[in-house]
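Peer 1: From TrEMBL, for reference:
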TRANSMEM  6-28  transmembrane segment
TRANSMEM  40-57  transmembrane segment
TRANSMEM  227-249  transmembrane segment
TRANSMEM  261-285  transmembrane segment
TRANSMEM  305-334  transmembrane segment
TRANSMEM  375-397  transmembrane segment
TRANSMEM  404-420  transmembrane segment
TRANSMEM  432-448  transmembrane segment
TRANSMEM  455-471  transmembrane segment
DOMAIN    484-691  domain 'Metallo-beta-lactamase'
Amino acid sequence: MFPALFAGLLATVITFPRPLLLLLTLWMLVRIISLAQPRILLATLLVASMIAGVAAFNHQWAVRQRLTQAAEVRQTLLVMPDEVHVNGNLVTMTAVDQQSRARETVMVRARQPAELQRIEAVDRPALWQVAGTLQPLLPATNDQQFDRRFYYQQHHIYNELRVKEVQDLRPQPVRGWRAGCHVLRYRLIAYFKTMPQPLGGYCQQLLVGDHGSDNLDLTQAVKRLGIIHLFCISGMHIILLTSLTRLLGGYLWLEREQLDWILIIGLPLYLIIGGGSASLIRAVIMAEVTLGHRLLKMDALDGWAISLIVGLLWNPYLLFTLGGQLSYLLSLLLQVMTEREGELKRCWLLGLLSLPAILNRTFEFHLLSLVASYVMIPLFSVVIFPLVIISAASYWLLPLPGELVNTFLCIFQRILHWLAALPGEIHFGKPPGYFALLLFLATLWLVQRPRPARYVVLFSLYACCFFQIHFPPFGEVVFTDIGQGDSIIIRTPFNRQVLLIDTGGKVQFEQPRWAQVANHEDLAQKTSINYLKSCGLSRIDTVYLSHHDADHIGYLPSVLEAMTVKQIVVPAGMENQPALQKRLAAQQYQGKLQGVTDRAQPPSQQLRVVHPFAPGAAKNEDSLVLAGRFGGQDFLFTGDLDRAGELAVVARYPGLRATVLKLGHHGSKTASDPRFLRQLGVKTAIISAGRFNRYHHPSDEVVAALKQARISSLSTQQYGMIKYHYYGSHGYWQTTLKGDELRWTLPNSLNN
């Protein structure tokens, strides 16, 4: 047990070095030494050296394999059929380059329906000959954004291939047990897709670990209720599969030893068929140890410890995933809890124990989630999971029972959605790292001996954490890296006011029905909305829309759906445009919509409108220009205002000053007139532009003018999210990236 716990801490601190984690790791080592048992100390040092060696090797391997710039390549890829995912005309997959043997994530855009049909028809391993751009995977460029590069690194994938042309596609014979498992998984997924929904989706998720796009609504509901683990293949599902196998073996007159060997051989194969998630790896290892415990003379805790050590050797980043954390943590607690505590109390304590990890990743939870497992686990074990297996096995021959099960699942889903919609969702926010660790340790202390005084201590800590997140004494101005667009968040001290200037967006070109991508999550949900939720926010006081271009207001529906917006402010004339009215009606917006000019100000004490001067058509030249003072700095936000408009503003307001200027039109040469910059007295310029944008923003001319005027500049292309934290009249700048990570993506003007 001690070697496994120390290995988990060591793997965490090597990958994520933090003072508190280092102290906890050293404390664990001192605790092991104090046991004065040489065998345990020797085992700990041996396991620690193995984990450290694997982690160091993985880090060096990642550094060597990850490209430093994009390259045009021609490759031959081996692709397994179950690793190809089609969404509209977008095809994504993981593949192995036959020359370097490196795994890559691959993206293809099908140009014709025939090409897409050809790809979907492949039901065996295939060799793809392709030409495209091989480039490094981008890290998260915003705080609290999903880190795609780190996710793929856990799967030993370091680069991304964007295919421009599929030159040849040749199906191959199925050779070897591994390829056979992939083909079987593909055929099962294809079979499940012929079944009615949601039954087919349940079969995909619970039997082969395929989380398709058909059940996204259900996924949101179960996440809110905190029972997402029931819909992922984990220990409970392995136990049920093992029990059903033994039951079937009994009817076939198989002896216990024969069934044990069938399971010992079959469970590793199921790792591939089931998708190979962290929870499945842990469950299979524990099941294997349990099957062999009589030979090895091990108890359940030793089995848990071995499964953790093997899991960390397999993937040193295992405990950085929410699934890995919950899987190992909850399975350990189930081993040490006694039956005397009762099922309801155990579910309550397990819910409390998982809460710090859940808040650290999802930022919110539903009060029902603390007890939902008490009802759902027996229902899943006794009713839903067996019905899903029976339906999967019989639907091809007798579809009627499957149709009845599907009707039952439809009713079950309606109940889940109803429960998820009940009041009780807490928008908690993300606890700081030290607070998350403190909450976890306090919960362990409570679980060890539940007492009223310990409950008071734990809930007091949660209250302190909640108030720290929701009522910070500082404010901030945040320039979100949202691609080729603008999205700026302003929070005043204690969150008295939360403002959003533009939402970002992307121009959507009309596509034929076959090419339309379903259930697409936009950048606002991944960046600005996620960041606001991490701050414990579910409301925005005012959304300012600078003008009607899609790159400034395109993500407005996502913002209105995720957040409560009190009022929307637009340049005068835009409030009457049918396109905006249609967007607001579609989201059933009930707040205030106000068109403003510099003579008709909105009721805000933080921002002052200095443009437009009169109602217009909400084009670039009609952009809303906002001025405000935060932390001793004068900020000016200019939307896409052109040079003529800039000069008109300083002519009308000769005393206007701005030490920080958000450059107009993403750094285009149509804005940022040198006379405008000079009169404002700009010290810092913020450029909000997308990587590889087709307009080549920012303009070389504008960047040169900034350098000539000795104005420092920060670009979201280079630094990701840019934040100005302030307290009183003082503040400091902070960026998500250091500035040199994505040099290969930058235009020449910023690289020089």
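Glycine is treated like the rest: Cβ placed from N, Cα and C.
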Peer 1: Could you check whether the transmembrane segment (305-334) and the transmembrane segment (6-28) come into contact, where contact means at least 3 Cβ pairs under 8 Å with the two residues of each pair 6 or more apart in sequence?
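Peer 2: Between the transmembrane segment (305-334) and the transmembrane segment (6-28), contact is present.
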Peer 1: Can you name the far-off residues of the same chain, 6+ from the ends of the transmembrane segment (432-448), with a Cβ under 8 Å from a Cβ of it?
Peer 2: 18, 20-21, 24, 333, 337, 349, 352-353, 355-357, 359-360, 454-455, 457-458, 461-462, 465, 468
Peer 1: Note the mean pLDDT of the domain 'Metallo-beta-lactamase' (484-691), expressed as a whole number.
Peer 2: 94
Peer 1: Would you kindly check 6-28, 40-57, 375-397 and say which stretch has the most C-beta pairs under 8 angstroms to the transmembrane segment (404-420)?
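Peer 2: Checked against 6-28, 40-57, 375-397; highest Cβ contact count belongs to 375-397.
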Peer 1: Top stretch among 6-28, 261-285, 375-397 for CB pairs under 8 A with the transmembrane segment (40-57)?
Peer 2: 6-28
Peer 1: Quick test of the contact rule: Cβ under 8 Å, at least six residues beyond the ends. What residues does that give for the transmembrane segment (261-285)?
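Peer 2: Residues 177-178, 181-182, 184-185, 188, 207-210, 229, 232-235, 237-238, 241-242, 245, 249, 254, 291-292, 306-308, 310-311, 314-315, 318, 321, 323-324, 326-328, 331 contact the transmembrane segment (261-285) from elsewhere in the chain.
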Peer 1: Go through the chain and flag residues at least 6 beyond the ends of the transmembrane segment (6-28) whose CB is under 8 A from any CB in it; none is fine as an answer.
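Peer 2: Tertiary neighbours of the transmembrane segment (6-28) are 44, 47-48, 51-52, 55-56, 308-309, 312, 316-320, 328, 433-434, 437.
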